[in-house]
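To start, the structure under review is shown below, and the notes come after it.
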């Protein structure tokens, strides 16, 4: 009788393991392939060989690129090289990527930048917020951009117990931001277990010098975040749920969910087209290829444009798609004056004239 009970329990356990593995494959869209959608006037950006995970563009056409991310479970083409922040002037006829110098005293050796966001103060001071993973921990670094010598002055490092695994950030003040946690835990094993069990414990946090609070939760894996042009709504990408959440920003900075847009791909970073208010999304058609890297079957890339997301039926268009032969693992797409930049988790970056 005891053996029969033991075998029954083992069978139930194996069944649960199998069900979770199948569910994870579905969340990763492990069987998906992509049909190419090409753009005619594109070239790879010289000097970017190990990813440009996030991109933010100022109204004057200066683009900041977060490069060289190292992340547990992800491939890296430059595992021993620290990350950095590059800049491109998209008003130039032939923009080039230049690395910004960072002020003395900041630990460059452990710099591992992830999501970024800019904020322009009333006196035209430009602040750059950078999610950083030194030694795979999480901090948010706040810099002042000094355009006269193309440098970043480090102002502050933010650490907080409500910010254990920050992925992306949207600045809403000189020291104020919303941030997504893509995991509830900071321990690598617990992160894996959390993802495997599909706990939906990830969240969005509001940070200010006077108040830090949880403002939205229940995401599978909260990822990219941005704000509507009128500053009324926050957009959050839930990468493993294949969703974009629209949340209304309240006067006390809390967020109230308005709607959820379901898509058929893994949605990463979100950017806003300043000319239209459309959302550009860097996507992963097959997430399994990101984590199990095979140079003979590389991860593909996809960029979506979402028009009128607040309407009953938003329009979703594929702007660009590639099977990995040109660009692997697209994570972000940002546009300025018909010039499109597409960044990746750990591969190259693409410049296109639309």
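Just so it is clear, glycine is given a Cβ too, placed from its N, Cα and C backbone atoms.
Bear in mind that TrEMBL entries carry predicted annotations, made automatically and left uncurated.
Because the structure is a prediction, the values reported are computed rather than measured.
Database features, via TrEMBL:
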{"type": "ACT_SITE", "residues": "114", "note": "active site, proton acceptor"}
{"type": "BINDING", "residues": "54", "note": "Ca(2+) 2 binding site"}
{"type": "DISULFID", "residues": "42-352", "note": "disulfide bond"}
{"type": "CARBOHYD", "residues": "269", "note": "N-linked glycosylation site"}
{"type": "CARBOHYD", "residues": "323", "note": "N-linked glycosylation site"}
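When Cα-Cα distances from residue 42 (disulfide bond) are compared across the recorded positions 54, 114, 269, 323, the shortest belongs to 323. Separation of the C-alpha atoms of residue 269 (N-linked glycosylation site) and residue 54 (Ca(2+) 2 binding site): 7 Å, rounded to the nearest whole number. Ranking the recorded positions 42, 54, 114 by other CB atoms within 10 A of the CB puts 42 at the bottom. In this structure, the C-alpha atom of residue 54 (Ca(2+) 2 binding site) lies 16 angstrom from that of residue 352 (disulfide bond). Compared over the glycosylation sites 269, 323, the count of CB atoms lying within 10 A of a residue's CB peaks at 269. Long-range Cβ contacts of residue 352 (disulfide bond) within its own chain (separation 6+, distance under 8 Å): 39, 41, 42, 320, 339, 340, 341, 342. Reported as a whole number, the C-alpha separation between residue 114 (active site, proton acceptor) and residue 323 (N-linked glycosylation site) equals 24 Å.
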